[in-house]
Amino acid sequence: MTTKLSVNLNKVALVRNTRHLGIPSVTRAATLCLQAGANGITVHPRPDERHIRTDDVRDLALLMQAWPDREFNIEGNPLHNLMDVVHGLVEKKLPVHQVTFVPDSEGQFTSDHGWNFPGDASRLRPLIAQAHAWGLRVSLFMDADPAAMAGAQAVGADRVELYTEPYAAAWGTAQQTPQLARFAETARAALKLGLGVNAGHDLNRDNLSAFIQAVPGVAEVSIGHALIADALELGYSATVQAYLRCIAQGRS
């Protein structure tokens, strides 16, 4: 099984939004990443549009029409603005392949926890059904908790995205091995229930290979902050290729 790399472009938009010049270009960044071999593009449009804006989502969807073998993943809280943003693309028959539901509060600094079951089940079930009616795959942002995977499966999710910040924070410490073991156990629980496994948050060139090697069945990693930071030094193409090598190392 090959683990796919989806590049999150939020930080490109964040830099662009500090001026009114349109640079750096989000669509240019996407093009360079796709040309370098990235398997997909991820964005997380927040209600305050502090980085990715609704226009960016449309422009990227238009761009993705030229890359039919790659995927467009849109993250966000379906209780806020996500469903409206996605519906706008669906109405125009623009490509979007996966929605990742994230339980962020409005104005939250960054994603920092997953959905809770059974507490969130009644709110999520109709939203997942709506996304499925639009022909989209649904992934739920989840903490590494094997017992919670049954809840994700019960509400109709297709995949879970494991929130990897606890692993990243433990990297290089005595907690690294226990964290990897917990993520591996969670992935096995998800796979046993027929869920696909994605992962993301603070994965980087240092910790990615070990994660891929230890955690079974990871279909996709979504990486933004570290990858864009590396691209400031190395360029988009070299950076994407470096991350693809990390994935290949983890799979070897």
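For all residues, glycine too, the Cβ spot is worked out from N, Cα and C.
Record features, source Swiss-Prot:
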BINDING   ASN8, ARG19, ASP202, GLY224, HIS225  3-amino-2-oxopropyl phosphate binding site
ACT_SITE  HIS44  active site, proton acceptor
ACT_SITE  GLU75  active site, proton acceptor
SITE      GLU161  site 'Transition state stabilizer'
ACT_SITE  HIS201  active site, proton donor
* Structure fact -> Here the 10 Å Cβ neighbour count for ARG19 (3-amino-2-oxopropyl phosphate binding site) comes out at 9
* **Separation of alpha carbons, HIS44 (active site, proton acceptor) and GLU75 (active site, proton acceptor) (Å)** => 5
* To do: Inside 10 Å of the Cβ of HIS44 (active site, proton acceptor), count up the other Cβ atoms and send me the figure.
  => 23
* Structure fact -> By Cα geometry, the one of the recorded positions (HIS44, GLU161, HIS201) nearest ASN8 (3-amino-2-oxopropyl phosphate binding site) is HIS44
* Asked: Among the recorded positions listed here, GLU75, GLU161, ASP202, whose Cβ has the fewest other Cβ atoms inside 10 Å?
  -> ASP202
* To do: Measuring C-alpha to C-alpha, could you say which of the recorded positions HIS44, GLU161, HIS201 are within 10 Å of HIS225 (3-amino-2-oxopropyl phosphate binding site)?
  => HIS201
* Long-range Cβ environment of GLY224 (3-amino-2-oxopropyl phosphate binding site), under 8 Å and at least 6 residues apart -> VAL7, ASN8, LEU9, ASN10, LYS11, THR42
* Asked: Among the recorded positions HIS201, HIS225, whose Cβ has the fewest other Cβ atoms within 10 Å?
  -> HIS225
* How many angstrom lie between the most widely spaced Cα atoms of the 3-amino-2-oxopropyl phosphate binders ASN8, ARG19, ASP202, GLY224, HIS225? -> 26
* Asked: Taking only the recorded positions HIS44, GLU161, HIS201, which one has a CA atom nearest to the CA atom of ARG19 (3-amino-2-oxopropyl phosphate binding site)?
  -> HIS44
* Alpha-carbon spacing, HIS44 (active site, proton acceptor) to HIS201 (active site, proton donor), which is rounded to whole Å -> 12
* Asked: If H, G and I count as helix, E and B as strand, and all else as coil, what does DSSP give for ASP202 (3-amino-2-oxopropyl phosphate binding site)?
  -> coil
* Structure fact -> So ASN8 (3-amino-2-oxopropyl phosphate binding site), by the Cβ count within 10 Å over all chains shown, scores 24
* Does DSSP put GLY224 (3-amino-2-oxopropyl phosphate binding site) in a helix, in a strand, or in coil? -> coil
